[in-house]
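*Asks:* Submitted below is the structure of interest, expressed as structure tokens.
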């Protein structure tokens, strides 16, 4: 018979305290550290990943660490599958190649990824456990509204871009591709779907996807590509959801500057839809090949008075077209000239060739001078970039975007 073991009262209290602490202390989740070896595998296999790009020397990065870890703990309890939601981090000092790959210049920066694809819009909300957790819950919510009756189509919000998928069944490769595209582009379009008997009248040639543009006059467009090819489906829907000419606002200005492309921008009065339509049509006609090298934008003259003043214009001069190269701003001479074939295209080409910059400093190029015209060295300088002020502020770490100059 084993002898009895007696524990003194203080020792017993200590043991009970340790037991209670062990039982009730939540299990903390280890934040995944990303490097060049594992980043692609981890992000590609994650339905949703929130990545904290940080620098150890940054005080605000240090402040975010415990908040980020606690938010990860909260979300892991709701989404326990390791690939449902991943909270990860990148030490940008140790992995400057990764920071450069994702164009990280300020710390901390929180980027959202879906199946390895980085979303355009980084997280700009509050740096709190609740805000981060709510943000992930929102990202995990179903981005597609299911239609129960085709009559619902008649009451769609036609101010939005609507993408409607008609499928025989939900459990299909066609719908899974559609669902994946919707999870990426749901901020740009409204996604809807119908199944079975409800969708049957629209499935006369099989599953299909319809795009309904804003307004009631523009005709619907039908997707004719492979329903199971993600890249082809994504590119078609993205082309419909993300307009060629986007509006710049104080809310999205920083995001647009982070794309790093010069702006070709139309300043117009809010109710001047005619000038906007002309600009949109001419950009599509003359500059579609420049998509990816220039951001085509339009802005409210009243809201963006400061950039107009920067180029010696006022709202009374609108509509005005200008280029902001992030170094200087250049004005298109006369808005009406936009209708001259190739005129707007030449304006953009002159930016790429450096001609706009040269002519501001030295006058017209020799090939543009009239015969016998005397050469003069014009000591002038184009206005400095105005929209560069919308780029990430050095104070962004504390959640402030400096827009006071506007």
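Glycine is no exception: its Cβ is also placed from the backbone N, Cα and C atoms.
Automatic, uncurated: that is what TrEMBL annotation is.
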*Asks:* TrEMBL tags one of 333-360, 361-388 as region 'Disordered' - which one?
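*Replies:* Based on what TrEMBL states, region 'Disordered' spans 361-388.
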*Asks:* Could you tell me how many residues in the domain 'Thioredoxin' (18-141) are helical, how many are strand and how many are coil under DSSP?
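*Replies:* So the domain 'Thioredoxin' (18-141) is made up of 51 helix, 24 strand, 49 coil.
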*Asks:* Calculate the per-residue pLDDT averaged over the domain 'Thioredoxin' (18-141) and state the result as an integer.
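*Replies:* The predicted confidence over the domain 'Thioredoxin' (18-141), as a mean pLDDT, is 88.
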